[in-house]
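Take a look at the structure below.
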Amino acid sequence: MAYPFQLGLQDATSPIMEELMNFHDHTLMIVFLISSLVLYIISLMLTTKLTHTSTMDAQEVETIWTILPAVILIMIALPSLRILYMMDEINNPVLTVKTMGHQWYWSYEYTDYEDLCFDSYMIPTNDLKPGELRLLEVDNRVVLPMELPIRMLISSEDVLHSWAVPSLGLKTDAIPGRLNQATVTSNRPGLFYGQCSEICGSNHSFMPIVLEMVPLKYFENWSASMI
């Protein structure tokens, strides 16, 4: 989860988020190298006398600055397309959870279980217990088994919402009349927080998401107690 004054990304909890962080570092290094080259050329132009002002063309230079950007774009595009494919691929999910956005709360339905559904509201600040996080705690957490592929079906009952959990690399729009899907896989147990990431009205900031990832046997006990 996030920490006060944190500058970097949240700790990766899913394979997708690990890939996204690696891609971020890869792209940032390319941007840093290009920026350094541009600053170096600008400094040369400002500190040296201009030469070859009468040159009309330079075939070698034009070839380089045509081919080099194309190579750089390919170096960025290939890993990006690979991650997009991974995010869209869902192989034999063990569980499907339907998520519906409302103004201003989330409702969840475990479609593999009969009558296992609930609404999830933010806990008001005055009702928080010591150690709980302001604007991030909910009355009903989404309990899911860890280390297993889970399919989330996401939609909305009213306006546009967005179901996002940064540490899992998840951000999927909840659109009325349309069913989007996402894959959830956690490498470790714990509580993972997110929020609605699409402005949806006056209480947009009060739609937190809390995923509780637990071992499979604990999830089975929880689901049995909820039915």
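Cβ atoms are placed via backbone N, Cα and C, with glycine included.
Keep in mind that this is a model prediction, so the values were computed, not measured.
Per Swiss-Prot, the features are as follows:
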- H161, C196, C200, M207: Cu cation A1 binding site (BINDING)
- C196, E198, C200, H204: Cu cation A2 binding site (BINDING)
- E198: Mg(2+) binding site (BINDING)
- Y218: phosphotyrosine (MOD_RES)
- 1-22: topological domain 'Mitochondrial intermembrane' (TOPO_DOM)
- 45-60: topological domain 'Mitochondrial matrix' (TOPO_DOM)
- 82-227: topological domain 'Mitochondrial intermembrane' (TOPO_DOM)
- 23-44: transmembrane segment (TRANSMEM)
- 61-81: transmembrane segment (TRANSMEM)
Self-check item: Helix, strand and coil counts within the topological domain 'Mitochondrial intermembrane' (82-227) (DSSP)
Solution: 27 helix, 61 strand, 58 coil
Exercise. Tell me, if you would, which residue among H161, H204 (binding-site residues) has the fewest other CB atoms within 10 Å in the structure shown?
Key: H204
Quiz item: For Cu cation A2, what surrounds C196, E198, C200, H204 with a Cβ no more than 8 Å from their Cβ centroid?
Solution: G101, W104, V159, L160, H161, S162, S197, I199, G201, M207
Practice problem: For M207 (Cu cation A1 binding site) and E198 (Cu cation A2 binding site), determine the Cα separation and express it in whole Å. | Solution: 10
Quiz prompt | Site of maximum Cβ density within 10 Å, from binding-site residues C200, M207 | solution = M207
Quiz prompt | Additional residues surrounding Cu cation A1, by Cβ distance to the H161, C196, C200, M207 centre under 8 Å | solution = G101, Q103, W104, W106, S162, A174, Q195, S197, E198, G201, H204
Self-check item: Contacting positions for the transmembrane segment (23-44) when only residues 6+ beyond its ends and CB under 8 Å are counted
Solution: 9, 72, 75-76, 79-80, 83
Quiz item: C-alpha of C200 (Cu cation A1 binding site) to C-alpha of the residue listed as 'phosphotyrosine': distance in Å?
Solution: 35
Exercise. On the DSSP side of things, how many residues of the topological domain 'Mitochondrial intermembrane' (1-22) fall into helix, strand and coil, could you say?
Key: 8 helix, 0 strand, 14 coil
Quiz item: C-alpha of H161 (Cu cation A1 binding site) to C-alpha of E198 (Cu cation A2 binding site): distance in Å?
Solution: 5
Exercise. Round to the nearest Å and give the CA-to-CA distance linking C196 (Cu cation A1 binding site) with H204 (Cu cation A2 binding site).
Key: 7
Exercise. Enter the number of other CB atoms within 10 angstroms of the CB of the residue listed as 'phosphotyrosine'.
Key: 15
Quiz prompt | Long-range neighbours of the topological domain 'Mitochondrial intermembrane' (1-22), counting only residues six or more past its ends (CB under 8 A) | solution = 79, 82-83, 86-87, 166-170, 183-188, 190-193, 213
